[in-house]
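Enquirer: First the structure, then my questions, so here it is.
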Amino acid sequence: MTTSSSAGQSRRDFLFVATGAVAAVGAAAAAWPLVAQLNPDASTVAAGAPIEVDLSPIAEGQDIKVFWRGKPIFISHRTKKQIEEARNVNVASLPDPQPDSARVKEGHDQWLVVIGICTHLGCVPIAHEGAYDGFFCPCHGSVYDTSGRIRQGPAPSNLPVPPYAFISDSKIKIG
Amino acid sequence: MSGPSTFQPKNPVLKWIERRLPIFGLVHSSFVAYPTPRNLNYWWTFGGILSFMLGVQIVTGVILAMHYTPHADLAFNSVEAIVRDVDYGWLLRYLHSNGASMFFIAVYIHMLRGLYYGSYKEPREILWILGVIIYLLMMATGFMGYVLPWGQMSFWGATVITNLFSAIPYFGESIVTLLWGGYSVGNPTLNRFFSLHYLLPFVIAGVVVLHVWALHVAGQNNPAGVEPKSSKDTVPFTPYATIKDGFGLACFILFYFWFVFYIPNYLGDPDNYIPANPGVTPPHIVPEWYYLPFYAILRSIPDKLAGVVAMFSAILVLAFLPWLDSAKTRSMRYRPLAKQCFWIFVGVCLGLGYLGAKPPEGVYVIAGRILTACYFAYFLIVLPILSRIEKPRAVPNSIADDVLGKKKSVVASALAVIGVAGLLALDSGSTARASDHGSTPPSMSWSFAGPFGKFDQGQLQRGYKVYKEVCAACHSMNLVHYRNLTDPGGPGLSIAQAEALAAEIQVKDGPNDAGDMFERPGRIADKFPSPFPNENAARAANGGAAPPDLSLMAKARGYERGFPQFIFDAFTQFQEKGPNYIHALLTGFEDTPPEGFKLPDGSTYNRYFPGHAMKMPNVLSDDQVTYDDGAPQNVDQYAKDVAAFLMWAAEPKLEERKRLGFQVMIFMVILAGLLYFTKRAVWADAH
């Protein structure tokens, strides 16, 4: 008698565990769409397509701001002096060491294209300000140089360079 | 049932919390140790189902609100953007819109169960009245939610229902203006409806807590209608009621998902896929099916104020039920006469629901008056008199006796099931336009019909070609983008092909930094353009009638399927009214109208168009569009292809919906099976 009842018991336990497990899987699967809907929707993704920017109206020493995927992109037409300043730095002494050549496209030294979002906490720095003739973030005092590299203040890294390419001498495609 | 909890936690952390906030004890005494009558049948499961549905509606509603824009100009398109662009947006929207129907199905069964078994009688009067309050709140919430998509039915439903208050003497008009926040239903109305639609479910949840609290003080009623006397009469809530409710819920979810995944628009009205237009009223305004009986009562009374009063009284009379029915015997199981009257009453409610969907003419008006009289007679005459004159049969001494001497009343249950199915089948949308006088379009065979239906890619590509070369000369599709042509489950173009098609159009963009508008080639993120700069230009070019946007055409058009065909449609998953209609319209032109028909100037005779005089000329002719896949180049084929294309445009996630639906249904069948066997194993101990 004991044997058969314990066998019945284990069959029953298996049924309970299986039911619970299947129900748990269902609950977890039901949560998936509830989370997935938070992702960018298809129209947002489509609107994030690459943009083209005509550089010809930007005079030397001038910089413009364009938007791509909701982020400000700074495009600076650097002067000779600014390029010199960016080059004549001991790269090893920088908090985030990167030579200027790694931040611009070869043959297009005068064009600096960076995402204008401070790497500290996401404020937008001001161009042509700060001790290094580059960018200055008014929120917490981070200072970037003419190559957009961090020189002073709490920001941990350089202003990021977005993916872009020259499609002609005076036109770039960002994205 | 109440009083200090017997819950004694062992875990020191639980002990610490329990000493300060006895929440685990509360949960334990309410949902674990709580004694439930042993003889509860599955009609009692609907309480749990209702809690579940309230949860589903709140969760999906909160999420939909994250994507919805409550603005008169943007609301309609934001709902479409949810369905088209948001990840699983179509699922969440259909869960919510069909969830409302399921909520009402469950609440009607719950209420009828209460009526049949006398659940409103002493000591459960407050419990019952709280239920009536919940029902009123549900009606308000459901109505305001229906307004939010800002379609034609939403807009005109809001206009009609708010105008009910204009029946109030002296202050009526001012009250309506106050409700609208304007001189007509408009943006302020939509904003406040959205705010309240978001608020009321939480009020409902609050009253539900009171409802459950009152339930736990008085204890559950049961089919025998006798109070538990000893511990033999009850079983603990967990695991007995929990597992039984779990199985019942799984079956209900299967039913719910049938609608969500396979016939998601069956319970809605096609007119609500037409954007709200304050200048045109749909031929018949019908509420959602769950309000139809009350709508019928409203229309039966040939006086504005009296009609409104009758409609609200029809609900409020329920609150007085505990005093209208003074019978000592609770359950109608032991009251043969009352039982018969109850089923007649159910029939009266179904009849009123049917009449609510019919136009108020001829015999329907008379029938409506008779049934309205019957409805009130049940509460005000039948129950008070019966409770005094009827001699009930002997009730069992205890619940345990009832369980032992149980005979299954299969007939009653079957009747009830049929009743519910009938209620459900009173689909408003398909029955409401009886006076269209159009011929019924023939049912075509579509590759996308049925549970495993898929779009025919070649057909969609041909349909797009017909749209582009013929329809696009007059019509826009401003909810469809070139990128959609590359979406899975669509025409299956490559991104390069879609880009090339988009580049063929010129899009007006700007202003640029000089403040000028400019033209640029289209991109895949652009939508299918309108050939006209604005609506007035479109009207001018088309003899006064603006060609409608085609994005939702296949969902926004329907025709009467008639009784009983529309009941079978729920089982056969018939959802192809739109494409059938489009095909019929495009092939239904006739050069010579039948004798006696006076065709207005500038119109063409069309057999299937309501009224037959169509402003759109016959635009299709054989060999007009060149197909390169060998499909026949004739009007019939063009019409079929473009109808299929418009179906895809209206429901781009159709394939995904059916595929996911199949997986979910299989899963739910397995889960329901496991729950059934677990339930049997658990209840084996109880006998």
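Just so it is clear, glycine is given a Cβ too, placed from its N, Cα and C backbone atoms.
Automated prediction, rather than curation, is the source of TrEMBL annotations.
Below are the features listed in TrEMBL for this protein:
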BINDING   B:CYS471, B:CYS474, B:HIS475, B:MET616  heme c binding site
DOMAIN    B:13-224  domain 'Cytochrome b/b6 N-terminal region profile'
DOMAIN    B:227-397  domain 'Cytochrome b/b6 C-terminal region profile'
DOMAIN    B:458-650  domain 'Cytochrome c'
TRANSMEM  B:43-66  transmembrane segment
TRANSMEM  B:100-120  transmembrane segment
TRANSMEM  B:126-148  transmembrane segment
TRANSMEM  B:160-183  transmembrane segment
TRANSMEM  B:195-215  transmembrane segment
TRANSMEM  B:246-263  transmembrane segment
TRANSMEM  B:305-324  transmembrane segment
TRANSMEM  B:336-357  transmembrane segment
TRANSMEM  B:363-386  transmembrane segment
TRANSMEM  B:660-678  transmembrane segment
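Where in this structure would I find these features, and how exposed are they?
Expert: Under the three-state DSSP scheme, B:CYS474 (heme c binding site) falls in the coil class.
Mean model confidence of the domain 'Cytochrome b/b6 C-terminal region profile' (B:227-397) amounts to 95 (pLDDT, 0 to 100 scale).
Within its own chain, the transmembrane segment (B:100-120) has Cβ neighbours under 8 Å at 43-44, 46-47, 49-50, 53-54, 57, 127-128, 131, 135, 138, 142, 145-146, 221-223, 225, 252, 255-256, 259, 267, 288-290, 318, 321-322, 325, 327, 329-333, 339, 342, 345-346, 416, 420, 423-424, counting only residues six or more beyond its boundaries.
Counting only same-chain residues 6+ beyond the ends of the transmembrane segment (B:160-183), those with a CB under 8 A from a CB of the stretch are 143, 189, 191-192, 285, 287, 298, 304-305, 307-309, 311.
Packing against the transmembrane segment (B:195-215) from elsewhere in the chain are residues 30, 51, 54, 57-58, 61, 65, 70, 124, 126-127, 130-131, 133-134, 137-138, 140-141, 144-145, 148: each is 6 or more residues past its ends and has a CB under 8 Å from a CB in it.
Using a Cβ-Cβ cut-off under 8 Å and counting only residues 6 or more beyond its ends in the same chain, the transmembrane segment (B:246-263) has close neighbours at 42, 45-46, 48-49, 52, 91, 94-95, 98-99, 101-102, 106, 451, 569-570, 573-575, 657-658, 660-662, 664-665, 668-669, 671-672, 675-676, 678-679.
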Enquirer: Return yes if the transmembrane segment (B:363-386) and the transmembrane segment (B:305-324) have at least 3 CB pairs under 8 Å (sequence gap of 6 or more), otherwise no.
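Expert: Since 3 or more Cβ pairs under 8 Å link them, the transmembrane segment (B:363-386) and the transmembrane segment (B:305-324) do come into contact.
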Enquirer: Using Cβ atoms and a strict cutoff of less than 8 Å, what residues sit near the transmembrane segment (B:660-678) while being 6 or more residues removed from its termini?
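Expert: Same-chain residues near the transmembrane segment (B:660-678) but 6 or more away: 91, 243, 246-247, 250-251, 253-254, 257-258, 260-262, 451-452.
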Enquirer: Going along the chain, which residues at least six beyond the ends of the transmembrane segment (B:305-324) come within the CB cut-off of under 8 Å?
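Expert: 111, 115, 120-122, 124-125, 128-129, 132, 135-136, 139, 164-165, 167-169, 293-295, 297-299, 372, 375-376, 379-380, 383-384.
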Enquirer: May I ask which residues of the same chain, at least 6 positions away in sequence, place their Cβ under 8 angstroms from the Cβ of B:CYS474 (heme c binding site)?
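Expert: Sequence-distant Cβ neighbours: B:PRO531, B:ALA538, B:ALA541, B:ASN542, B:PRO547, B:MET616.
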